[in-house]
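**Student:** In case it helps, TrEMBL gives these features for our protein:
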- SER66, ASN118, GLU163, ASN170, TYR194, TYR246, VAL264: substrate binding site (BINDING)
Amino acid sequence: MKNHLSDELHQLLNESLIYTADGKVADYIPGLAQADPHHLSIAVSYPDGTCHTAGEVEDKKLTLQSISKVLTLALVLMDRGEGFVFQRVGKEPTGDPFNSIIKLETISPSKPLNPMINAGALAVTHMLVGANVEERIEKLLEFLRLITGNPELTYNEEIAQSEMETADLNRSLAYYLKEHDVINEDVEDLMDLYTKQCSIEVTVPELAKIGLVFALNGQDPDSGRQVIPKRVASICKTFMVTCGMYNASGEFAICVGVPAKSGVSGGIMAAVPGKCGIGVFGPALDDKGNSVAGWKLLEKLSSKYDLSMFSKV
Ligand code: GLN
């Protein structure tokens, strides 16, 4: 896949650009509504340290949004252990939209079905260790600085603020979780932490690097360090396959066939096992909250280079 990639990546990106017209930028968070709906970019990061890109990736940062859910999950699994985490959040896909409350009400005892939907992600964020919001977000930021190799990585205050002002649905989920003893902290503190987590800013090559670390079972090829234990990386990748693209995860598994996680900023982080990490950014979303053109681009890439893990013998 690697040798001719630069040219071919540009070609696939150009072919995918038309699909940006089929989606809409997320506007329920005003800070995200200003994104350029026609933008599309991609980066592919390899174990030898090379990174191929197409589209404008310099100076174009995106917020992680739901992609952050995989990273908080990895961190709490490392800090708290599997038993503790999965006592409070389940392992099954829901088939519902990412911000739905319905299964919280219909399943007993009330426990969010998985860590990739908002209810489950709030339960996971609640488990971040630290004395206060500042310490807990700093711990997550440090973890991400380690993975991306960017010591300056931080969250976008404006987007965090904008999310905080419009997070009433997430607030409702959090209050519901509190009522059912899944969480036991102040809801506004949890919202503060969660919105900061979602507003962490990365470049597209950094997104690809995160994907690469998962693709290599938690090893950072730049430092040779195991930054995420193998078992934790494997759990995260499994959730990416079963729940990473919200209620379109089954379709994505058929069309693309690689572990991936999307966010409403239009980012998708993908991990091609053993091979490479991919970051794409296309803010125009489909009705389930996935980047329309980003999906198409990954689909083309997967088909051209036979990346699907389900097509292997
Ligand atoms: N911050 C967003 C929210 O909670 C993240 C959701 C997403 O990316 N799907 O609504």
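Every residue gets a Cβ built from N, Cα and C, even glycine.
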**Student:** In whole Å, could you give the widest CA to CA gap in the substrate site formed by SER66, ASN118, GLU163, ASN170, TYR194, TYR246, VAL264?
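**Tutor:** Greatest Cα-Cα span of the listed binding residues: 20 Å.
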**Student:** Across all protein chains in the structure, which of the binding-site residues TYR194, TYR246 has the highest Cβ count within 10 Å?
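**Tutor:** The residue with the densest Cβ neighbourhood is TYR194.
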**Student:** So which of the binding-site residues SER66, ASN118, ASN170, TYR194, TYR246, VAL264 sit close to ligand 1, that is, with a CB under 6 Å from an atom of it?
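**Tutor:** Cβ under 6 Å from ligand 1: SER66, ASN118, ASN170, VAL264.
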**Student:** Just how many other Cβ atoms lie inside 10 Å of the Cβ on ASN118 (substrate binding site)?
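**Tutor:** Taking all protein chains shown, ASN118 (substrate binding site) has 22 Cβ neighbours within 10 Å.
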